[in-house]
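Asks: The following feature annotations were taken from TrEMBL:
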- A:6-120: domain 'Acyl-CoA dehydrogenase/oxidase N-terminal' (DOMAIN)
- A:125-219: domain 'Acyl-CoA oxidase/dehydrogenase middle' (DOMAIN)
- A:231-394: domain 'Acyl-CoA dehydrogenase/oxidase C-terminal' (DOMAIN)
């Protein structure tokens, strides 16, 4: 066994570092580093740079215009982007709907939608969860009724991340209310500019506007916008979820957060010594370090299996559970490290363009990020659901 | 051994439960916070009418002579309703410090109006770089020409904007810690106001050669008294956290019973039942620690500090556990600003950042343990 990266992989990492150092605009990386919220334009500027380089769709095969990277290269790419404080690529187009369109879409759909994703012409968002269908996604109630060559769609979607910027919505709808729960679902692509689509903001406890609810009121969607057969939506949905959960360990982010925490705790003084020397604090940092080491190797094991032809399965559930727990613990330790300085809240700095004095600038986002990171164990399938998946599929319980 | 409340205490508890249920609920909280920044809210006047502003002070300074248990009853009710009024920061902490140090003129000028609800005060004990150590003070006080002069900066002072005056700790030339009354309009003071992430009004107070008459000095050696006042504050915060933990547990349990997924109420899933039980265990163990703190306030200093530190450390851990689980069990809805439980969770997590977190207090316990 050998856990080192090959010379080619290391050269690839060097190439990425040089690219990131040159191409990533410093105002954007600064915003990411300080934990300030990104504007739509911040995402788009960075994604246009990646698109020009041919690296936006890091998971796409060459035939569709991707770089044709394997899972190990994608992992290195994610890690280096996080280390450089690059914005996370908005995943709903490139990483989520695109693989579904490649796998289940018609040639016409592929030719129409995929280039628009590569060029950032479309901003996609996800219409999965509903007020009554969260962990029980297949319990969804949004109804699509056939009317000639259209569906008339009525219902409500929620927790739609960055939906306020999106012009396209991929959506699970119920086309057959009499079929068995999963069997009556279809996968639709909806243009958000057409009448009947309303987006309303949901403000989260950190004061951020990241998620939305979407109301669909007699929305007329051409039947041609259905991906896969009618009633095949659940197959598309599950396929998409395996892609959603790849990379969900957030390893690059965890590494970055740990580096930040250590540097912070070495600078902050506690009774005349760096906080890192306080045994109770240091021990928690060390435990997080061990968890990260273990997670990294587990992640590499899953990646190696995927590289050698395996499909990411229930192992991604394990990565999701541990990865989210680790990132939450790191956000807790960062907030804690600040002591009383974690208390002041400056929403106009975090959301907008206000400036603060140097010291406050470095510390302003810690508590808000701690609260924001609570989402990690809830979204993408709550950790309780992930554990049930592991119990069922790995342990056969 | 007796855990029962007296008849008077039961009446106090009933009155407060009704008051909080009738007047304070989360929808109103934000409006109340925005509407009454000067400490003159309707609720504060109600507190005055109910005698709550006199309750925690000894009879020889005109108070009602309430003890730690009375304070616990009050703070627990306020925690339950997330009452935004600065009862601790604007009344109890500065008031206790005055009660223990002020001469009769100072009492008449500053303490009597505080108890009558005519003004509020603030206590500035915290400094940048000192974390939670109230005795690591860089602000300087020097005496010259029959006056005091103060220079320094105080960090995250709660209730700063509403306070008619702030009690400021400062290092004297002889190395001892003094405490001074700094009126809000004293020349040389400047403030930077903000809210904390759990919505409490606060600010930084900068003192640039602030000149004060000799009568504004409360004490030239306040260390022991400050430790006593902070112990009261810590016990009070524990009680407040118990109220908030109770409410967070109740709301979570109600949600588990009401919310259905996979055709069943969430409360029927065993994994979630056990989690709810763990929350309940944390609550009850913390309640015990808060009672221990409340009943230790009159003990000799080292014993008092040992028990209060133990309670604050214990409640800090539990508060975070309950907050995190309350959000997780609510799912995404628990992350929204509109959801009541999110407000309780914020309060419970940030509890650890007021008057010392659990690491800080575990160190105190550990120090006193070695000495014992």
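Placed from the backbone N, Cα and C atoms, the Cβ positions cover glycine too.
Annotations in TrEMBL come from automatic prediction, not curation.
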Asks: Find the average pLDDT over the domain 'Acyl-CoA dehydrogenase/oxidase N-terminal' (A:6-120) in the predicted model and report it.
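Replies: Averaged over the domain 'Acyl-CoA dehydrogenase/oxidase N-terminal' (A:6-120), the predicted model reaches a pLDDT of 96.
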Asks: How does the domain 'Acyl-CoA dehydrogenase/oxidase N-terminal' (A:6-120) divide up by DSSP, counting helix, then strand, then coil residues?
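Replies: Breakdown, helix to coil: 81 helix, 0 strand, 34 coil.
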Asks: By DSSP assignment, list the helix, strand and coil residue numbers for the domain 'Acyl-CoA oxidase/dehydrogenase middle' (A:125-219), in that order.
Replies: 10 helix, 51 strand, 34 coil
